[in-house]
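Asks: My structure is below; once you've seen it, I'll send some questions.
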Amino acid sequence: MTSTGQDSSTRQRKSRHNPQSPLQDSSATLKRGGKKGAVPHSSPNLAEVKKKGKMKKLSQPAEEDLIVGLQGLDLNSETRVPVGTGLVFDEQLNDFHCLWDDSFPENPERLHAIKEQLILEGLLGRCVSFQARFAEKEELMLVHSLEYIDLMETTQYMNEGELRVLAGTYDSVYLHPNSYSCACLATGSVLRLVDAVMGAEIRNGMAVIRPPGHHAQRSLMDGYCMFNHLAVAARYAQKKHRIQRILIVDWDVHHGQGTQFIFDQDPSVLYFSIHRYEHGRFWPHLKASNWSTTGFGQGQGYTINVPWNQVSFCSHKLSLACFPRGSREMTDYYIAFLCLQVGMRDADYIAAFLHILLPVAFEFQPQLVLVAAGFDALHGDPKGEMSATPAGFAHLTHFLMGLAGGKLILSLEGGYNLHALAKGVSGSLHTLLGDPCPMLESPVAPCASAQTSISCTLEALEPFWEVLERSVEPQDEDEVEGDMLEDEEEEGHWEATALPMDTWPLLQNRTGLVYDERMMSHCNLWDNHHPETPQRILRIMCHLEEVGLAARCLILPARPALDSELLTCHSAEYVERLRATEKMKTRDLHREGANFESIYICPSTFACAQLATGAACRLVEAVLSGEVLNGIAIVRPPGHHAEPDAACGFCFFNSVAVAARHAQVIAGRALRILIVDWDVHHGNGTQHIFEEDPSVLYVSLHRYDRGTFFPMGDEGASSQVGRAAGTGFTVNVPWNGPRMGDADYLATWHRLVLPIAYEFNPELVLISAGFDAAQGDPLGGCQVTPEGYAHLTHLLMGLAGGRIILILEGGYNLTSISESMAACTHSLLGDPPPQLTSLRPPQSGALASISEVIQVHRKYWRSLRLMKMEDKEERSSSRLVIKKLPQSASPVSAKGMTTPKGKVLEAGMRKPTAALPTKESTLGQAKAKTAKALLAQGQSSEQAAKGTTLDLATSKDTVGGATTDQCASVAATENSANQTTSGEEASGETESFGTSPSSNASKQTTGASPLHGAAAQQSPELGLSSTLELSSEAQEVQESEEGLLGEAAGGQDMNSLMLTQGFGDFNTQDVFYAVTPLSWCPHLMAVCPIPAAGLDVSQPCKTCGSVQENWVCLTCYQVYCSRYVNAHMVCHHEASEHPLVLSCVDLSTWCYLCQAYVHHEDLQDVKNAAHQNKFGEGMPHLQ
């Protein structure tokens, strides 16, 4: 996707309409017996008849345009899709080491170990080797200063003493006469891969290099790093290859502060770092490494930090080797580690990618992805003290391969356990080469600490990315405590295992294809225009042959299903009933078809249904036996509506269900099977077959329209979760309207489907691949593109060791289903999914459905518990804050767009275009009240910024070596920062604090403010800093007002002095922030009519008699006091579950279940009545 002027990646978050409450038209409600594909309708009036006639005239050209557009999608790009994985590995990179410390962890043995592992696994011969080259000085100057480069160049001529003195002026580095040349060679190696990837010589690549680079700043060595390879590569790609959007992912266990500082003002580079932090106790001890730092100026929102605050802590038992008397053989020797606390595991990293990185990356749409691939988070690394595995990094690599059209480059950073490092590199390289991801250890669910970090990061980023709207939900304190106890119990018994010896099967045939034209003999004898036409499978197969995909697959012969296979899901009576139709006359066939719902039967129906189901079983056999890795079954009639004893919705035998049972029979056990049903209709038959079976996880995304879309009824509702032992293993995502597209399905994948699927950890994935949600389908009314289906398939391919099977269900636009199945086949064959160039934000209706499902299923799945744990009502207080932006620049919003004067948004709310920063918080502060308002202009990253450096150490042990005495340093630093305001500020004047840049490079570090959401923040690169804070007295006064201004407070009048207190002269140019309520919520139906006695907002609290601040329940109309008085309304809500309440103070409406203010037309009557009672007149805008 290209852009001109203001790029879409720098746009301001746009306001979006919330879903409107649907009109309840009784005439539009169909009974269970309605036909599949039928739409609700009522008798047309004259206007509707005219409109229908006009639309009929326009429909033919529109349909033709759609067909032409779909045909124009060029999926036959075999000759243009780059293939091959590049590898740069040069022995010259081992020509430097620490002259004065042979035990220094960054040493040449790291590359030796990697090379041996790659040779052992045969990976070197599978890669395209590239000769490393030296980076030119002009290329280094794209990021680094000339003075710094010249200084590093002089190290070639220094003796050991001089090198040691210079290295001592930096933090955690050593210098060698060859350090400069090797650093230039390392940077040049990455640049060579950039040229190869962007020039389509290869698809992706890896640079196995040293020294690392992500800590290096513009004019500063740091943390073993001299030049920042990826930063130079990003600027190089932008300059030479005209790249406009680059994603840098840093999964090294240390925060890549150097990369962050280089790009923290730049909206063209999205930087994502996931690292060990321990609340600032871990190197590099910076507040800028915390989740609250999101970038500065136009780059705000483009810096993403996920800080890990939990590490492994193990006790061990040691059994020494000994030689029994008379024996020359050594007895058992082992060291067993029992982890009392587990560091972050694969599940935690995967959760961060699914909930944060992938959604933002799909909205950002990078054109190149660069990875700072450090492997010091692997289990056994002495620096990281984490518990990730090589298989986990293979999955992370697989996720990233779906971005930027597959243009992905990994560049080695850290990793200091030689065996773990080598396995980590080989695991990621296997994935780059297209090998399937290994299965992970169960359960794959994030721990409580990871959930907290991810939730904090999401809340910090939500103001800047539309796709993150409603990404975190409120959670009760009791539920949080229960979840944490559950996590502690599970983790307390977790025993660390040795690194698994992962194997990647090298299959000659990757994708199997089953098709038999005999299935076309099933046809409708009475309606030649029936949507379930024999041409469906023929058109798909022809298209696969035309674009060359069929030739790349292994064609497998179809076979009829055996009775024993059919009987695993269907009753014997039903099978015989269908078999009997083979000999029926035409009139009897018509009568028999009418006995079922939306069914036609012909003499060949039974044989075709038997063949379709048998084809699915044949494909299962091929996948489980290793004959192929994955496959597609182009079959008809479809199957997912078929019940155990009844045909339904064009379906006779449930092919996917029978295939699942057949797989379990082959395995001889209850194989864990994931069934994903993306057909636009709910697969009622599949759900009923497995609803009591915990070995099969059934996930369905479908049009529901509140029970009025086929197959009608409440079976597809989110509340249907399974029964008995299968409770929680049925997941329904009901769409309550049309036009759901790629963004809506991807949001569901990221937030719901993949988290649950990874936690379930299936051994086989079956997809009920109906394509009637595709663009142009006459029944679905949705807008999923072929490219969208390619991405959905790619994301599921990381599961079950890549064992995934697509079985055709519905889809009735012949062009759409052909293009969509071809796109899925591309993904199965390992081709990168195409970029989604016109991805809109998810619809509010889709987000509502997703949130509804999460609320239902979070009790069953730990991976869905990314919730707000602070009191949302307190945090969302209605305090108004005035902020003046710098006069030297036009006001800049969170995404770099101009903010209109007087834009009203709420301080601290979740959807502002320019939110105010808040005081940095930790897990222990999660229940604290709203942080004090703070305006910050950043400090220079090239100065001594003591106020933002949590600790400063210069030994080699500090990189990864957290010390226990640093807690006091952190607390002291934060306390001193909080005490910088003066009494003059308390009186309303504001004093600026500045720090001049240091001339000593050895003291350079970040000064980045940790505060998120401040549009006026500036980059640490800008030099002088100035911080404006509310005085401690003003903060206390403001906190005392929270009871009147938060949650159910409604809002007493705020003294104008409070608006400007602490801001001094910053009140001349005003930008206001206030609460933005929801325009709709799903709980409005709980609002009852006003009682006959009327509404009295002056009533006292029914429990305590208080009249200070009360609320009226809009269900029972009882009056109780606010949580800031005696919290009796909160108690009433918890006891009655009545969701909506009205403030007797300012007549605002709060929904406890949505945890938000709501303003909707359904509330106008009660608000008008309250206004009449309170002020003696109706609301002005209603008169």
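Here the Cβ of each residue, glycine as well, is placed from N, Cα and C on the backbone.
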Asks: Just to be sure I read the record right: C1113, C1116, H1138 are listed as binding Zn(2+) 3 in Swiss-Prot. Which of H1128, H1132 is listed for the same site?
Replies: H1132
Asks: Quick one: sort out which of 66-75, 416-425, 536-545, 746-755 is the motif 'Nuclear export signal' according to Swiss-Prot.
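Replies: Residues 66-75 are the ones Swiss-Prot records as motif 'Nuclear export signal'.
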Asks: Hey, for the Zn(2+) 3 site built from C1113, C1116, H1132, H1138, who else sits with CB inside 8 A of the CB center?
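Replies: The answer, listed by sequence position, is L1114, T1115, Y1117, Q1118, Y1120, M1129, H1133, S1136, V1141.
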Asks: Compute the mean position of the Cβ atoms of C1101, C1104, C1121, H1128, which form the recorded Zn(2+) 2 site, and then list in sequence order the other residues of that chain whose Cβ is within 8 Å of it.
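Replies: Sorted by sequence, the hits are P1100, K1102, T1103, G1105, S1106, N1110, Y1120, V1125, N1126, A1127, M1129.
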Asks: Quick one: pull the CA-CA distance for H1128 (Zn(2+) 2 binding site) versus C1113 (Zn(2+) 3 binding site), whole Å only.
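Replies: If we compare the Cα positions of H1128 (Zn(2+) 2 binding site) and C1113 (Zn(2+) 3 binding site), the gap is 11 Å.
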Asks: How many of the residues that make up the zinc finger (1079-1177) does DSSP mark as helix, as strand and as coil?
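Replies: Secondary-structure composition of the zinc finger (1079-1177): 27 helix, 17 strand, 55 coil.
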Asks: Quick one: Cα separation, H641 (active site, 2) versus C1101 (Zn(2+) 2 binding site), in Å?
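Replies: On Cα coordinates alone, these residues lie 54 Å apart.
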Asks: Counting only residues 6+ away in sequence within the same chain, which have a CB under 8 Å from the CB of H1138 (Zn(2+) 3 binding site)?
Replies: A1086, C1113, L1114, T1115, C1116, H1132
Asks: Which of C1104, C1113 (the binding-site residues) has the most other Cβ atoms within 10 Å?
Replies: C1113
Asks: Determine the minimum-neighbour residue: among H641, H1128, listed as recorded positions, which Cβ has the fewest other Cβ atoms within 10 angstroms?
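Replies: Sparsest of the recorded positions H641, H1128 by Cβ contacts within 10 Å: H1128.
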Asks: Tell me, how many other CB atoms lie within 10 A of the CB of H1132 (Zn(2+) 3 binding site), whichever protein chain they belong to?
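Replies: Excluding its own Cβ, the number within 10 Å is 24.
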